[in-house]
Amino acid sequence: MTTELHDDASGRLIVGLDVPTIAEAEKVVEELGNAVSFYKIGYQLVFAGGLDFAKSLVAARKKVFLDMKLLDIDNTIAKGVENVAKMGVSMLTLHAYPKAMRAAVEAARGSDLCLLGVTVLTSMDNADLREAGYFDNAETLVLKRARQAHEAGMGGIVASAVEAQAIRQAVRPDMAIVTPGIRPAGSEKGDQKRVMTPADALRAGASHLIVARPIVGAPDRKAAALAILKEMRSIGRS
């Protein structure tokens, strides 16, 4: 399915709960309060009880991005997506391989689950792709996978904001472009290689921004989130 692009910044900021325990995740959510309404849960937290925590966030009227990056045979993908759709989470990722995406779209039909195709990880650059056996550079591969996600009927894609402008011109206008690797000006890149500031990412055409360490690792998490939201609101809708 497709997803409505939010005009309000609070619906477009997704805070990554990249923490080791449910207790720490609960602390982050409590500290952020009503400032943040959308959270990403990935492998680290899933393996510490994160699926039940995702359900509790949904029950508390928060939105959940389940970042599982699924890739398997069609039937396994379909059965997994069917169960995720019943959880009430808002977004689910899978790798942008055509057969897997088509199976997922069919399995999610009739639900409110927005399926996102992962193009190229923002921690990878052209040298990493060559080492992994790919002949395309990052932008070419991202655009190829974005078009395949479009053709499969996916709700959106996950890609670096560096490629967002080119992607926006290549896919349906209602497709979500969800961008990790968001770093406020002056912050450390960490293990990310293709990064952009919140304002520049929105200008480039991103619909949603994933921010983890700059908020979760900040001394004052709520202040960090509010600063990013202020920057996002200064841009308005891209």
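Glycine is treated like the rest: Cβ placed from N, Cα and C.
Here is what Swiss-Prot records for this protein:
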ACT_SITE  Lys69  active site, proton donor
BINDING   Asp18, Lys40, 67-76, Thr122, Arg183, Gln192, Arg213  substrate binding site
Asp18 (substrate binding site) versus Lys69 (active site, proton donor) - Cα distance in angstrom: 15
Around the Cβ of Lys69 (active site, proton donor), the count of other Cβ atoms that are within 10 Å: 16
Position of peak Cβ density within 10 Å, selected from the binding-site residues Asn75, Thr122: Thr122
Least buried by Cβ count (within 10 Å) of the binding-site residues Leu71, Ile73: Ile73
Secondary structure at Leu71 (substrate binding site), reduced by DSSP to three states: coil
Under 8 Å by Cβ from Asp67 (substrate binding site), counting only residues of that chain that are 6 or more apart: Gly16, Lys40, Ile41, Gly42, Tyr43, Thr93
Neighbouring C-beta atoms (10 Å sphere around the C-beta of Asp18 (substrate binding site)): 20
Mapped DSSP class for Asp18 (substrate binding site), helix or strand or coil: coil
